[in-house]
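Record features (Swiss-Prot):
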| type | residues | note |
| --- | --- | --- |
| BINDING | LYS22, ASN23 | phosphoenolpyruvate binding site |
| BINDING | ARG92, ARG121, PRO122, VAL123, ASP124, GLN125, ASP304, ILE326 | UDP-N-acetyl-alpha-D-glucosamine binding site |
| ACT_SITE | CYS116 | active site, proton donor |
| MOD_RES | CYS116 | 2-(S-cysteinyl)pyruvic acid O-phosphothioketal |
Amino acid sequence: MDKFQIQGNGPLKGEIRISGAKNAALPILCAGLLTADTVTIGNVPDLQDTRTMLKLLRQMGMKAEMVDGVATLQGADINSPEASYDLVKTMRASILVLGPLVARFGEARVSLPGGCGIGARPVDQHIKGLQAMGAEITIEHGFIHARANRLKGARVVTDMITVTGTENLLMAATLAEGETVLENAAREPEVTDLAELLVKMGAKIEGIGTDRLVVQGVDRLHGAEHKVVADRIEAGTFLCAAAATLGDIVLRGIPPLILDAVLIKLREAGATVETGDDWIRLAMPQRAQAVSFRTSEYPAFPTDMQAQFMALNAVAEGTARITETIFENRFMHVQELNRLGANITAEGNTAVVTGVPRLSGASVMATDLRASASLVIAGLVADGETVIDRIYHLDRGYDRMENKLSAVGAKILRIS
């Protein structure tokens, strides 16, 4: 099992090109199920999760290839509208095939999902939405089984804001009969990116980027070309690493507008941040100031950046209060950061971080995707050697992280 071996060795300096967003690429790949025509997707990150999704699509009969970050999808010969447990158990986003399959083929069997163990993250909102659109759904033997002659447009109000739920219902609505209105829709840039691809494929969607999406169903969608939006969480992770190490880095290929909440907090921590149309520069001239925040849905502070800012706060001056409102069980990295010398206490959905001048290297274990990233940041600023075990979590969401960090001066090795 692979591990990271990190020697803390001072500031990160240089340039990093940001990859396409995993959380946009996965639903966009599923959108290929909505048409028999060819869909070409650029800027697809080379990750465990994207490879798993392509494998899942192939299992259903789709022709799916990826070369140099470009995925070519051809869904004319799909013969098995089923997502089996062996793949779904490793990746929650597999649920995203449910809406497209039932919309185009009238049937779908999808195993209940797996992925990072950071809370319940129920799929009931997906199911309620599809039922409102006329699907008959049963859950038995660990599978969600959905059937519909043709989905019917409906007004769907989700009980909570759900990113994958919005994406699933949006894809389903494109081929439904009549008008579908999705109220309380997620506004994340990744949802917007999916919607923009669907429009290129012939979908009729109004309200893109808002919490109310209005979809006029069409009889068929056609092929299209699209480029996946940049990964704002990868960008935020590298910015936190630079801030923690008192570095000076430039990120390329990232529009700063999708990272507003993170950049505000980095400036509050004392960083100098400059931006252009598709680049961000961060310089941290002195030890960071502790910053408190509360996670919430976009455009507020993202839950996927909580762990990385906790690592930054661990070596900041002062005390920060972090409140996690999106997922339960998302403080599993606290114990591991404390092994490195951090001073963090967590109770319920709140953590209090009192910054210390130095961390010290130790062996630690990754517990989920973003927790892994926080341990990497901590390892970069710790005295001595840090070894991070179970980095397969990290490989699910970061494209060659060790190579990108090495290029800006980090001493980080992948070892077996």
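Positions of Cβ are set from backbone N, Cα and C atoms, glycine also.
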Have a look at the binding-site residues (ASN23, GLN125) and report the one with the fewest Cβ neighbours inside 10 Å.
GLN125
I'm trying to understand the geometry here, so how far is the Cα atom of LYS22 (phosphoenolpyruvate binding site) from the Cα atom of ILE326 (UDP-N-acetyl-alpha-D-glucosamine binding site), in Å to the nearest whole number?
19
Could you state the CA-to-CA distance between ASP124 (UDP-N-acetyl-alpha-D-glucosamine binding site) and ASN23 (phosphoenolpyruvate binding site) to the nearest Å?
20
Least Cβ-crowded entry, counting other Cβ within 10 Å, from the binding-site residues listed as ASP124, ASP304:
ASP124
Please classify the secondary structure at LYS22 (phosphoenolpyruvate binding site) using three-state DSSP.
helix
How big is the Cα-to-Cα gap, in Å, between GLN125 (UDP-N-acetyl-alpha-D-glucosamine binding site) and ASN23 (phosphoenolpyruvate binding site)?
18
Check the binding-site residues LYS22, ARG92 for other C-beta atoms within 10 angstroms of each C-beta and report the one with the most.
LYS22
PRO122 (UDP-N-acetyl-alpha-D-glucosamine binding site) has how many other Cβ neighbours within 10 Å of its own Cβ?
12
Count of other CB atoms lying within 10 Å of the CB belonging to VAL123 (UDP-N-acetyl-alpha-D-glucosamine binding site):
20
Between the Cα atoms of VAL123 (UDP-N-acetyl-alpha-D-glucosamine binding site) and ASN23 (phosphoenolpyruvate binding site), what distance do you get, rounded to the nearest Å?
17
How many other Cβ atoms sit within 10 Å of the Cβ of ILE326 (UDP-N-acetyl-alpha-D-glucosamine binding site)?
21
Measuring Cα to Cα, how many angstrom lie between ASP304 (UDP-N-acetyl-alpha-D-glucosamine binding site) and ASN23 (phosphoenolpyruvate binding site)?
11
